[in-house]
């Protein structure tokens, strides 16, 4: 697939744009980061639509935004986990360990995003949720990618290298 993308980049992009693009799509981390971006956009779209719909549905409740955020997170995180596991990082073994690690990270990310960033942006800064949510997501994006790549979905050879470098 990356060969076809390289050909397309040569044909469609000016040379000054094609060269950096080709470096990204021929590097494993670059390919994973592009796939991760796509996966995150899909999960974000699901999360965002559910959040806004439920916030409107629950309006009048004291914790409408928080309740809507919990429900939208549960749905979108399941979608995101499976896309990341099978397509972005191409893992097929260790489902339970990866699921546990993913949800530990997701809980930390969700808590920071919802109870720190969204509270700060919506309640303190006065931004509407429709604007605050995308800003909060961007803040968490890079951190989550590297934790998933280096910890949760790391390759077996990376794990073996880590073990062999440990002092006895």
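Just so it is clear, glycine is given a Cβ too, placed from its N, Cα and C backbone atoms.
The feature transmembrane segment, as given by TrEMBL for the ranges 36-54, 150-168, sits at 36-54.
The transmembrane segment (36-54) and the transmembrane segment (130-147) are in contact, since at least 3 Cβ pairs between them lie under 8 Å (pairs 6 or more apart in sequence).
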